[in-house]
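Participant: Before we start, here is the structure in question, set down as structure tokens.
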Amino acid sequence: MQFVDEANIRVEAGRGGNGVASFRREKYIPFGGPNGGDGGDGGSIYLIADRNINTLIDFRYTRDYKAQNGQAGMGQQKTGRAGQDLIIPVPEGTIVRDLDTQEMIGDLVEHGQKLLVAQGGRHGLGNVHFKSSTNRTPRQCTPGEPGDERNLGLELSVLADVGLLGMPNAGKSSLITAVSAARPKVANYPFTTLYPNLGVVRVSPESSFVIADIPGLIEGASEGAGLGVQFLKHLSRTGLLLHVVDIAPMDGVDPVESVHVIEKELEKYSDALAGKERWLVLNKTDLLLEEEASELCDQIVERLNWTGPVFAISAVNRVGTDDLVKEVAYGLEQNRLKAQEESVEE
């Protein structure tokens, strides 16, 4: 299935039903009073987060959504039937904006969360409401009001605890394959990953986290080069970034320089993303002798002046990946506890 993370749609809520003007007409009561009923309210439109949907592709083919109109009122003070609400499922992590005002309407992050995006029109009033001591036979009634109309922008930002960063062919897909049940395409050429992959990492029966792999970044990504820029937003919700580095690239690119390239792209994209906690994962140690790999990893860390956590692994052979997973799970738990403490203090 194609991965689509942006879509524009138009929504129109139902119009309220008209009120009606009518009068009692019964045997022996030729001139009864008003008994015109109200119309029904127009149907509203809601978006609802659904964990079973993971792309916005359906909105590429259906862009216009309209809820049901309310029915007109009837005699004998019968109210018209209300229009049925329209409920549209979207993936968890969908941000909704009004395209005309650029206002963010909502952020649907939990399964079952509903968001009203177009309010149905209010019903019209029947003539029974206009009877008074001076007007015993009112003929006025009111029409139903139109429902809201909106042009909406939907933007999907995947929900993951951990995001993988790296140049194309750094081994990110191999890493997510090694630590989770996800099976992205893995090959020895750049841009094997064309859209975000999510994997659930189970540390124990009681502990797990979600990891996201996005297409590799290249220099100029923040200006649109390569594939990664359109997916950088998917890292915005993560609590931790794992920066995967190929320590022995076949094209001879300096691993330290590749780290600097991505750091610059993160800074250009947003300060928030550049400031996220980031761990260094030095991958493909299996391509060198153990002593050579260890020495090269030390050199990379020293040249980067890296002071954060560092892990040397071979994702293909799953060497060092268990320790990485355990440390990530522990780090995420510590971050959660810290956030809880800060919220209590506030």
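Glycine is no exception: its Cβ is also placed from the backbone N, Cα and C atoms.
Quick paste from Swiss-Prot:
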type	residues	note
BINDING	Ser173, Thr193	Mg(2+) binding site
COMPBIAS	130-140	compositional bias 'Polar residues'
DOMAIN	160-333	domain 'OBG-type G'
REGION	127-149	region 'Disordered'
Participant: Is the compositional bias 'Polar residues' (130-140) packed against any residues at least 6 beyond its ends, judged by a Cβ distance under 8 Å, and which are they?
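Facilitator: Residues 21, 23, 31, 33-34 contact the compositional bias 'Polar residues' (130-140) from elsewhere in the chain.
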Participant: For Ser173 (Mg(2+) binding site), just count the other CB atoms lying within 10 A of its CB, please.
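Facilitator: Its Cβ has 26 other Cβ atoms within 10 Å.
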Participant: Tell me, by DSSP, whether Ser173 (Mg(2+) binding site) is helix, strand or coil?
Facilitator: helix
Participant: Average the pLDDT scores across the domain 'OBG-type G' (160-333) and report the rounded value.
Facilitator: 82
Participant: DSSP helix, strand and coil counts for the compositional bias 'Polar residues' (130-140)?
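Facilitator: Residue counts in helix, strand and coil order: 1 helix, 0 strand, 10 coil.
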